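Copied over from TrEMBL, here are the features:
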DOMAIN    56-241  domain 'Survival protein SurE-like phosphatase/nucleotidase'
BINDING   D61, D62, S92, N148  divalent metal cation binding site
Amino acid sequence: MGIALYDLVINSLIHWAHVKTQQLQTKLLTCKCNYFIICFNLRLCYQRKKKKRPIILVTNDDGIHAPGIRALVEAVKDLGKIVVVAPDKPQSGMGHAITIGLPLRLNKVEIFENIESYQCSGTPVDCVKLAVDKVLHQKPDICLSGVNHGANHSINVIYSGTMSAALEASIEGIPSIGFSLLDYSVEADFSAAKKYANLLVKQLIGKKLDKHFCLNVNIPAVAVDLVKGVKVCRQAYAKYEEDFEERKDPTGKNYYWLTGEFINFDKKKDADVWALANNYVSVVPVQFDLTNYALKETLEKKLDFDF
């Protein structure tokens, strides 16, 4: 009887130890699984975060070798993955022109350190179209155009290749900003343009912007410490009074050389011309929809189109 009881106790202890060992092994296996799941999730989060680094398309109208685009790249290079697609030569004043009936060349170049860059034989608008279709194969998070070597305030926006590139991006559903410096001199200082481009893009890049978001940003030609701040403005009413000088080429044939003067008719303080004249960075929201809605409403009320 004593031996039987002894055997029962021993067997019970062995069974208990076996059960506890299995439970411990299960817990260890669970811990290992949890560890691997945690590691996998951390790696996945890191990869997603890395993939989500915003893509910033940079272009201009002064050409890929211009100091303004170099200043813009320097200003935003730490804010996302930068891809540059810009004209291979100056394309100022091209407006929204596109290349039709001629071949377009797109070549990869090494101009900016550690920045993927391409030069295009076409217009600024061509550059945006090709960048989306043939380089990125997707829409970037934002398109930046500039920094233009000269003014694009007021009526200049109509003629500007810089702003047409930005507006083309907006048409494509890509938020965009065009930057211009009011200085045409060879020794132009882009320091203020760099500072305010960085500040604006840094504020906007993480926000959910309307896909047709587009800003026309002009920077006064003053030292950084003389810039008073940023003003959101409207486009001033102004125009150019052109003068076509008649000249002769070496063969004696007549040709014309366009000159002119910028005339501002708008003295109000909410306009971009006033802001820039008073050392503020002007920010004008723009759009590609040229519909005159006030006139449309008037016509609908006053005209009878039931012919």
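Backbone N, Cα and C define each Cβ position, glycine as well.
Fair warning: this is a prediction, and the values are worked out from it, not measured in the lab.
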Cβ contacts within 10 Å for N148 (divalent metal cation binding site), all chains included, total 29
Cβ-based isolation winner (fewest other Cβ atoms within 10 Å) among the binding-site residues D61, D62:
D62
Additional residues surrounding divalent metal cation, by Cβ distance to the D61, D62, S92, N148 centre under 8 Å:
N60, G63, A66, G68, P90, Q91, G93, P124, G146, H149, G150, S160, G161, T162
Mind giving me a neighbour count for S92 (divalent metal cation binding site)? Other Cβ atoms within 10 Å of its Cβ, every protein chain shown.
18
Per DSSP (helix/strand/coil reduction), N148 (divalent metal cation binding site) sits in strand
